[in-house]
Amino acid sequence: MDYHGGTYDVIVVGAGHAGCEAALASARIGAKTLVITLNLDMIAFMPCNPSIGGPAKGIVVREIDALGGEMAKNIDKTYIQMRMLNTGKGPAVRALRAQADKVLYQREMKKTLENQENLTLLQGKVERLIVEDGVCKGVITHTGAHYYAKAVVITTGTFLRGEIIIGDIKYSSGPNNQQPSIKLSEHLEELGFELVRFKTGTPPRVNSRTIDYSKTEIQPGDKEPRAFSYETTKYITDQLPCWLTYTTEETHRIIDENLHLSPMYSGMIKGTGPRYCPSIEDKVVRFHDKPRHQIFLEPEGRETEEVYVQGLSTSLPEHIQRKLLETIPGLEKAQLMRAGYAIEYDAIVPTQLWPTLETKLVKNLYTAGQINGTSGYEEAAGQGIMAGINAAHRALGREEIILSRSDAYIGVLIDDLVTKGTNEPYRLLTSRAEYRLLLRHDNADLRLTELGYRIGLISEERYQKFLAKKEAIEREKKRLQTVIIKPTPKVQEVIREAGGSELKDGIRAADLLRRPEMTYEHIRKLAPADEEIAPEVAEQVEIQIKYEGYIQKSLQEVERLKKMENKKIPEDIDYDAIQGLATEARQKLKQVRPLSIAQASRISGVNPADISILLVYLEQGRIARVSNE
């Protein structure tokens, strides 16, 4: 029976990693927010890898924290191991990665949502949207409840018409055998949304007590305290190790002999899988010359014996999975606890979204996470916080917020999705960012905390600490520009020990720091500051001085980009009225409807000649517009 369930500012459908960030951002901004999710016990569930972070992804987690989101704080409370990756490389590619206690992670995030002001949690299944005259007004659940709102955010993950596949077995299911969402998917098609079919997979889990760890290599966490959140002060010290082993030629032989049983190769799986997280079958076929592949054994938590066999993602039949495990050193007698599987699901074509993550087809409707064609918890959470901010701002009559490609990896992610689209589950990589020297792990707060404070997601106390840090960085940089280090015996000894050439004359401390072999610690010994310099301040001072030339070059490129971003294109421009555009360019421009010349220039199929024609047309001022029928 239909009934009125309530009225809110914002409704969030789904409480995975995107939904949690969207709901918390919306509620913290001051919007009365409702979260409807299929199962309250599965909030922030990790159906695949029990980890947060990694290259590019770890920087997204820092950006979420700098804006005032929750993922960083939650993993800092619940990790079992933390490691900084790429420490031997430059600062642009360093990233933090944490193994999560997946059950504790869920529990802590649920507690955070339950205790959040302005936020209501509800278990239920949304089957339809309330859409009137192209505007989303609310949602309808399977019990007939009508909930009304000024904005709705859909964050349904891999649940839309989800199907699990193991060998020749295929059945309707969400991840980890949860119930799927079928009617909502059908309803989105009814509304006119173009959907695509994607696929992802997960490896088997085995019982830790049955692993022979003596045949594997230990992978401990970092001894140095690390954290994702800028606010974390307590660190977990009793970390659990992960373990490294490898597939063997026997593993590969079994896979080759049973490829006909793999749903990927039998034709049972139609969806496109993630390029950068291939199944073991895919790896063996594509890299046939490799004698072995890495397998990481990752504990799923402190209170469980389940171990995630990372690198062995597969949808081969269960009995073949058991045979594969027997060929891997350390896993010969491992007990299978959960079989690996593939899951196919619906996603919307993301070029149907504006950069705010509002849909072009239905006003006041936003989407975030894997429904937009991405893979990964971090990519989902990054979209979630932006969709939550923009939905709340729409409900409260405030300005929309769009992060540019030079602001954040989140900006790169969203721009790639809405401008270029994706024909496979999209994964964020450092190589996707043109300005990666500016978008570092260490400076996410300097890039985004000002914005988080202006929006209302950063507290006054945190903002004042941030300002104090900024001032300390500038003070110390200024000091190092003026202090002269003379070639005394002590100075020459420190430089020699660092592997550098001795000084002939006095040198400014900043210039000495620019030498590749010198660190801030060396400078601290030779020219100590009068005040205590915090490690995070010292880190910024060293990076900003050492890489100043490269950073300035990147900033000049950003300025050029901003000029193109400032050349706006009306949403309703009639591209059919512009003479001279190539047919493909006209089609792509009509589909994406870019909001600036910069965005238009990034669309595949739009070449520089088309951009020149578009610029001339805009500058002449008489712009034809499409009618809003």
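Positions of Cβ are set from backbone N, Cα and C atoms, glycine also.
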*Going by Swiss-Prot, Gly14, Ala15, Gly16, His17, Ala18, Gly19, Val126, Ser181 bind FAD; tell me which of Gln335, Gln352, Gln370, Gln464 is listed for that site too.*
Gln370
*Residue among binding-site residues Gly273, Arg275, Ser279, Glu281, Val285 with Cα closest to the Cα of Gly14 (FAD binding site)*: Gly273
*asked:* In the three-state scheme derived from DSSP, which category covers Val126 (FAD binding site)?
replied: strand
*Cα-Cα separation of Val126 (FAD binding site) and Phe287 (NAD(+) binding site), in Å?*
43
*Across all chains shown, how many C-beta atoms besides its own are within 10 angstroms of the C-beta of Glu281 (NAD(+) binding site)?*
23
*By a simple count, how many Cβ atoms lie within 10 Å of the Cβ of Gln370 (FAD binding site), its own Cβ left out?*
30
*Between the binding-site residues Gly16, Ala18, Gln370, which lies closest to Phe287 (NAD(+) binding site), Cα to Cα?*
Gln370
*Rounded to the nearest Å - Cα separation of Gly273 (NAD(+) binding site) and Ala18 (FAD binding site)*: 20
